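Taken from TrEMBL, the feature domain 'DYW' applies to 792-866. The repeat 'PPR' annotation in TrEMBL covers 159-193, 229-259, 260-294, 361-395, 431-465, 562-596, 597-632.
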Amino acid sequence: MAVSAKTPRLPLQTDLIYPLPLKLFQPKSINSSANRQNLQISLKRSSEISALHTNSIDTVNLNSDICELCLHGNLEQALLHLDSMEECGVPVEEETYIALVKLCEWKRAASQGARVYAHVSNSTALLSIRLGNALLSMFVRLGNLLDAWYVFGKMEERDVFSWNVMVGGYAKSGFFDDALNLYHRMLWVGIKPDMYTFPCVLRTCGGVPDLARGMEVHVHVIRFGFEADVDVTNALITMYAKCGDVRTARLLFDRMPRRDQISWNAMISGYVENEDCLEGLKLFLMMRDLSIYPDFMTMTCVISACEILNDARLGKEIHGYVSRMEFGADVSICNALIQMYSSVGNLSEAEKVFCRIGFKDVVSWTAMISGYEKNGLPHKAVETYQRMGLKGVKPDEITIVSVLAACASVGLLDLGIKLHEFANKMGLITYTEVGNILIDMYSKCGCIDKALEVFKQMPEKNVISWTSIISGFRINNQSLEALSFFRQMRFSLKPNLVTLVAALSTCAKIGALMCGKEIHAHALRSGVGFEKFLPNALLDMYTRCGRMEYARTLFDSHKDKDVSSWNIMLTGYAYRGYGTLTIDLFHRMIDEGENPNEITFIALLCACSRSGMVSEGLEYFNGMQQQYGVTPNLKHYACMVDLFGRAGHVEDAYEFIEKMPLEPDPAVWGALLNACRIHRQVELGELAARFIFKMDSESVGYYVLLCNFYADNGRWDEVLRVRKMMRETGVMVDPGCSWVEVKGKVHAFLSGDSSHPQIKEIHAVLNGLYERIKTINPGMPENSFVNDTGTSRADIFCGHSERLAIAFGLINTVPGVPIWVTKNLYMCSSCHNTVKFISKIVRREITVRDTEQFHHFKDGICSCADKGCWGLKK
């Protein structure tokens, strides 16, 4: 059984007749002095009307007058006459009602059609075939399936037209399963389908899509003898193409004794829709060779094929052909050209086509807005939308989606809110696509609560809806909520690759290894473990969780490695300070024929920097362009400054900056400032700081670095000044937060937060450990950085939250089990020294990943050799 595209609103029991709630229309008041020539009598109010006798009125002329008014399109006057006739008790003929109904349908006049139907319902209980069919056609055309269904139930007889209209109405409204059920009931009551039935039913099968039901209808086509009908065969071709069976569609096409324009279009569009564009283009060339001239539909499909193939040259040639064939003035062709040129990145040609359109419809504007947004020009997309409004063109749901995507990319929250209000007002908020992009926009603008509100209010949620809210939580640092929603999603929908990547990225962010392993297992069970970009997401998760052995096993088993796979492994080794392993893997990468890119050399230089391999790093930097064709960018120069600085060659680092062919950015000067912090170069550090804040006064990381630079050099007055600058500019440091995973569940600990149910036990364990540390090392201070600045520098920039997470891990795991903690800030030297002693006391391996690197503590020694934390002045 096929699944309905929408939830059925109406039951389909044709043997039931439903009571129709009628709207009562009061007759229009009639001026007693008025002399209506076409009625040939004067109608009086009240007592005068009651004195009239029906037989004194020429009912034939009255009915013919209404038909004449309908013939001339005068609907309101015809309805006035109808009201007057009912008031006087004059009988209305069926032909009169039919004329009125057809005019309402032609004018798309829903309210007037309801008035006519009210008159019909007052005058008769059952409907004839002709009048019933007219009403059915009107209500279906107006999209009013409820009243259409009532009319269908009140008809004393129904013919094939009646059933065709109902099947087509349900199919057009998206109730595909109900339309097919109506078709089968039609056969069951003995109505023989005609040539108009099958195109409608086949279109329904294609809309689901349901190939099995479509093949069943194909059998009916043969049984009832319509296989030679061109329209029916065209519908079969379309159905098979939409169900993905292009081969059968082509067999039908080739066997057709006579083909019309629609046949060619159906087959070409079938190929294009199934992304077999080359076959579609071959068929287009065959069509030309047979001297069959294409129409607008043909050319739109061919232009779409060029877009899918991303073939700008072919698209340009098709554009030339369109212009020679004088199709260039058609707005649908121009819209397709705009979309094609935007897709291949040729916005200048898209703009030329757009400007040449005489009358731009909503599709034209939307195509141009979408083109700007997808080509990284969100501001132009917004400007075009504003021009669209000035021209009086109302946006549709696709327009809203494109503009909201532009707002999301540049953080235009105010415009996004206005578009949200407009979508609510116009009823566009019910479209799932609009809800999805609103979630994305609010998430990227930092309004995750608003995004969650939109998500909860959506009537229908698809995989993209869930993926958007999961990603929204992740980018707004609410990782636990992201994983919670991922688990909820799995109860109702199957996650796609993008969802899995978002969840894995969340696991990587907070070090949730067990959750990441569960997702890995789910991917393997689903058969997508090695599809597209998922292996790289798994590699990234394992490396960022510090499990390099798992990552290496997965890496070695992955046969379709790309440059990103190599870069992830190289970055993982570099982050851990494994310089030799990084270099060995790089040489293996070259030996296996993979070309390195910019990210490869960032990882390589970072590994050399953290391992003190200055000469090797300099060699790779000097050879990256000559040997591998990779031009160094600012990130590579920042790595080189860090390489010299960490090794103590601070003056060489500054000289390197002065000789750079590019203008140094804040990251380059930041690397120098960090080197000056490590090696106590105050004057040069202040010079670097001036350059940094001249270019960037908003990034919190540089304020933190400068505070630590001054504090490490005992310049507490300068620390106060920097903190004052932070308050004045509104720069806020995120509160310290650490995560630890115990028995598959991730626990978060905020600095100073006492809400955890085991907080008393945690503090008791920590206090006990502090007492033992004092016994082992009496000279170690309890708080490293408290002085006249008030709050400890470590409290601000570290938060000590990792201590709570470690204590929780000690309480809830058996002795000897390693503890892995992830935190969102740098690790201060106070915490660093404390954790060293804890690892020695409890005889556990403890790993803390901060924003800079992994700290692996064992037997009182850290893998960073005490160089990877914000240190104290000795």
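Glycine is no exception: its Cβ is also placed from the backbone N, Cα and C atoms.
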Inset, instruction - Take the repeat 'PPR' (562-596) and find every residue of the same chain, 6 or more past its ends, with a Cβ under 8 Å from one of its Cβ atoms. - result: 533, 535-536, 539-540, 542-544, 546, 548, 551-552, 555, 602-604, 606-608, 610-613, 616, 624, 628, 630, 853-854, 863-864
Inset, instruction - Determine which residues of the chain contact the repeat 'PPR' (597-632) at the Cβ level, with the cut-off under 8 Å and only residues 6 or more beyond its ends counted. - result: 563, 566-567, 570-571, 573-575, 577-580, 582-583, 586, 589, 639-640, 642-644, 646-647, 649, 853
Legend entry - Long-range environment of the repeat 'PPR' (431-465) - Cβ separation under 8 angstroms, sequence gap at least 6: 397-398, 400-401, 404-405, 407-409, 411-413, 416, 420, 423, 471-473, 475-476, 478, 493-496, 499
Legend entry - Surrounding residues of the repeat 'PPR' (260-294) on its own chain - C-beta under 8 Å, 6+ positions past either end: 230-231, 233-234, 237-238, 240-242, 244, 246, 249-250, 253, 301-302, 304-306, 308-309, 314, 325
Inset, instruction - List the helix, strand and coil residue totals of the repeat 'PPR' (159-193) as derived from DSSP. - result: 26 helix, 0 strand, 9 coil
